[in-house]
Every structure is written in structure tokens, then in C-alpha cells.
Amino acid sequence: MAAVWRRSARLFILLQRHHSCTFTSQNLNHFMRSQKVMTDQSQTDLGLFKPPSTVRGMTELDRSAFNQTVSVPAIRLPTNILNKAVKSLKKVALQRPGLKRVVEEHSEDGNADCGNIEHRLLLLDPNSITSSDSFGSDEAEALKAYSVPQEIQSYELKLTYENFKSEEILRAVLPEGQGVTSGFSRVGHIAHMNLREHQLPYRKLIGQVIIDKNPGITCVVNKTNTIDSTYRNFQMEVLAGESNMVAKVRENGVLYEFDFSRVYWNPRLSTEHERIVSLLHRGDTVVDVFAGVGPFAIPAARRGCAVLANDLNPESFRWLQHNAKLNKVDQKITTSNLDGRDFIRGPVRERLPALMKGSQKIHVVMNLPALALEFLDAFKGLLDPEPDQSLSNLPQVHCYGFSKENDPQRDVVERAEASLKTNLQGQCSVHLVRNVAPNKEMMCVSFTLPRGVLYKTHTQDRDTSEEPCPKKQKCEDSTN
């Protein structure tokens with residue numbers, strides 16, 4: 001019986017499986033590894049630390065509107081044991097962004113009593129300490145040891161915009177009862193957001209809050225359409241900050257530079273890049289059909305592999321060459337700026353016979369999930385027959401695809417088989433890369449390229465079997 005999948009809370013539960021291909025899945029925690037933080041309205045109530053209700057509906061950021069005064073519990077500590085006492089009370093001390101938890105006492109007129117150098121106040125978490133009896137046994141024993149009375153007093157604390165977290169600010173500003181997000185993918189100094197329709201009127205404010213609350217972020221952009229262009233880049237709107245789109249990114253120890261507005265880069269694929277590179281050995285050859293700016297090609301070259309890297313996008317091609325030089329591996333990478341099929345039927349076909357006579361492995365990476373499975377047909381009858389084909393070192397293919405089917409594993413295998421016009425039974429493995437969106441998965445099917453597919457037979461005529469190669473391919477969104 002074929003594998004039957006059910007989705008529940010974005011997790012896959014494999015109920016029953018009997019398939020010739022092996023399925024592998026990374027720990028689901030790794031799927032979510034990215035610089036992304038999502039805010040859920042079901043989080044614990046903020047209590048005293050909610051921003052003022054008057055900020056609801058604000059579309060232009062007014063930081064002064066967040067000023068307010070709240071009463072919090074505090075305990076009076078002698079300065080001569082202050083550091084020790086604060087350490088002992090760390091679990092119940094107040095912790096808020098930009099706030100000092102040790103403050104001077106107020107005089108009768110409400111101002112700080114600068115003349116009192118013998119005592120200070122430690123501000124306490126009002127969710128933990130509500131009375132003198134709220135201290136736990138450890139805190140109570142520590143106070144007793146320091147001869148400090150368990151007496152709580154009220155302290156008038158002035159809160160400003162600086163003391164609130166980004167999700168707290170956005171939850172207070174956006175319409176109540178609707179989804180709130182402070183999530184973004186970080187690409188160097190750029191925060192890339194995918195805002196929902198109801199958030200768009202607040203997009204400028206959201207962008208400024210993200211910059212204010214995330215050191216190092218100097219530009220916030222929002223995607224304004226899906227990835228439907230020839231080159232997989234997308235239109236974007238700058239919400240806040242500078243308009244500099246040239247980003248510097250370090251991934252798995254490799255430095256990349258590129259114009260984020262003109263190439264494709266997804267920080268959520270870092271783990272997948274690392275997984276494929278871990279399969280490589282010094283002396284192997286890597287054929288990267290849709291190389292982008294080099295997230296597979298450059299680490300492979302650094303690992304001692306010979307690399308043939310290609311991308312149709314002239315900007316990706318330019319930055320691929322730039323990054324190869326930047327990482328001092330340009331002598332190990334041969335680059336092309338061709339359509340994927342032209343690349344396979346041109347430079348790859350020319351090099352493949354000699355490579356297959358060697359003992360080192362050949363890995364073909366095809367990371368264009370919206371279309372790569374269709375490009376597999378370029379391998380059909382690619383090579384002329386040889387006298388002793390049994391000695392050939394056949395390439396290992398790693399081909400990516402999206403699936404919206406209930407059984408994504410079976411779906412991508414069947415689509416690969418349809419393109420190759422062969423049965424991959426017992427010759428492939430399928431890897432779940434990540435959940436892209438509800439009911440949409442990114443998969444990787446790996447297999448040894450069948451000899452019967454690669455070599456031309458007497459019934460095949462390459463001149464008639466090859467169809468014209470479309471130069472412009474439409475790609476669906478892979479980031480959602």
C-alpha cells in the first residue's frame with residue numbers, strides 16, 4: 001500500500017508506508033531554523049506592561065504615545081550586599097528591555113533621592129511578586145541571610161517606547177482580534193517580510209518598529225508579489241530604512257554578497273545546503289544546474305570538489321562569479337549563463353563522458369523546486385552509446401520539487417519518473433526539506449541516473465527527440 005500522509009498542525013504523521021524509495025526527514029526543529037520569530041496572540045497577557053490603549057490604530061509611528069507610568073513592586077536592599085542580593089533574587093527581578101532593575105529611592109517629592117547612598121531598590125516582576133508572602137523558599141532564605149526584611153513597596157515606573165518589545169507594540173497598534181506578526185527573514189542588513197492584507201495599512205509603522213528593535217537591521221522590505229518572473233526574484237517595497245539592496249550574508253562559514261532585489265536567496269535553506277555539501281568528498285564533481293549566487297557551488301568548491309555551476313539570471317551569474325572570487329575558489333568553478341536544458345545538453349554533455357570514466361562521484365544538483373522535475377527530461381538519451389557502459393560512473397541526481405499533494409513523497413517520485421520515462425523503484429530516496437506553506441512542501445528526490453535513460457538507444461534520435469528549450473520559465477513562490 002502506498003504511503004498515506006495526514007497533516008496536523010503542520011507536522012507530518014506517516015500512518016502507513018510501503019514504497020520502493022526511502023524517506024528521510026530532518027528534525028522538525030531544523031525546518032524552522034531561520035531568523036524568523038512569529039508572534040501568537042495566545043501568548044500570556046502582558047498585564048502592567050501593555051502599551052497604552054490609545055495607540056490602537058496608529059499608522060504613523062509616534063514613539064511618545066507609548067509613554068506611561070505603572071506601579072511595580074520593589075524591595076529595599078543595602079548597597080553593601082546589593083550585588084549578592086540581586087543575584088539571589090534574579091528569578092523574581094523585573095526584566096524589561098531598556099530598564100534598569102536597580103534604582104534609587106524616591107524622596108517625598110517623587111524625585112530620586114540621590115543623597116541616599118546606603119540603600120537601593122530592586123524592581124520585582126509583578127507577575128511573580130504580588131505581596132511580601134510571594135517569595136519562594138530560596139529567595140526568602142537569601143533575604144533572611146542578608147538580614148533584609150521581606151517588605152514590598154510600590155515604585156512608580158516610567159515606561160517609554162524603548163521598554164516594549166516589537167511584538168508588544170504591534171499587538172497594541174494593529175486591529176484587535178486579527179493576526180499580528182513581527183516575523184521576518186534576515187538577509188544581511190535586510191529584513192524581508194511577507195505581510196498579510198490586513199497589515200498593509202500599518203506597513204510603514206511595522207517596518208520602523210522592526211528596525212528600532214533589531215540591531216543591525218537597516219532596511220525592511222515587503223514582498224509585493226509572488227515569484228513569477230523568469231529569474232525567481234520578486235518585486236518588493238521598502239517599508240523603512242535605507243534602500244541599499246546589496247546584502248552581505250555568511251552561511252555555514254561562507255560569505256556571500258548579492259543584490260537581494262535582483263536574485264533569489266532564501267535563508268531558510270541553510271540546513272539543506274549544508275546537508276547536500278556533507279555528502280561530498282574531495283575530488284568529486286558537482287554539477288549545479290540552477291546555481292543562483294552559489295549556496296551549493298561555493299561550499300562544494302571549498303570542500304575540494306570540481307564544480308560546473310550555471311544560472312539563467314545574468315545577475316545571479318554575475319554574483320556567482322563574484323562570490324567565487326570572494327571565497328577564493330574561482331579556479332575550481334566553471335560558470336555558465338544558460339537555460340538549464342541548454343546547460344545539460346551543452347557543457348554537461350561535453351564533460352560527462354570523461355568524468356564518468358573516473359572513480360570520483362558526480363553529483364547533479366537541481367534546485368528550482370517549481371520546475372526542476374520537468375528539466376529531468378534533458379538527460380534522456382544525452383550520451384551516445386559506448387562499448388562498455390557497465391564501467392561508467394553514473395551521476396547521482398538531487399532534484400527539488402514542490403508538492404501540494406496528500407502524499408508529497410509519492411508525488412515527486414512519480415513526476416520524476418514521468419520526466420525520465422523510467423521506473424525509479426529501488427533507486428531513490430526522498431527528503432522532506434521544509435514546509436513552505438499550509439499544504440505545500442519542498443521535497444528533494446535523490447537517485448542514480450539510470451543507464452537506460454542517460455545513454456541514447458538505437459530508437460532515439462537526439463535531433464528529433466529534443467524539444468525547443470523555453471528561455472523563460474515561470475516560477476511559483478518558494479518563500480510564502
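Keep in mind that glycine also has a Cβ here, set from the backbone N, Cα and C atoms.
As annotated by Swiss-Prot, transit peptide applies to 1-18.
The local packing around HIS273 (S-adenosyl-L-methionine binding site), expressed as other Cβ atoms within 10 Å of its Cβ over all shown chains, amounts to 21. Under the DSSP three-state reduction, HIS273 (S-adenosyl-L-methionine binding site) is assigned to helix. As annotated by Swiss-Prot, S-adenosyl-L-methionine binding site applies to HIS273, ASP311, LEU312, ASP339, GLY340, ASN367.
Annotated region 'Disordered' per Swiss-Prot: 458-480, in sequence order.
Taken residue by residue with DSSP, ASN367 (S-adenosyl-L-methionine binding site) is part of neither helix nor strand, so it is coil. A coil conformation is recorded for LEU312 (S-adenosyl-L-methionine binding site) in the three-state DSSP classification, outside any helix or strand.
Here the binding-site residues are ASP311, ASP339, and the one with the most other Cβ atoms within 10 Å of its Cβ is ASP311. A sphere of 10 angstroms centred on the C-beta of GLY340 (S-adenosyl-L-methionine binding site) encloses 22 other C-beta atoms.
Cβ packing within 10 Å was compared across the binding-site residues LEU312, ASN367, and the lowest neighbour count falls to LEU312.
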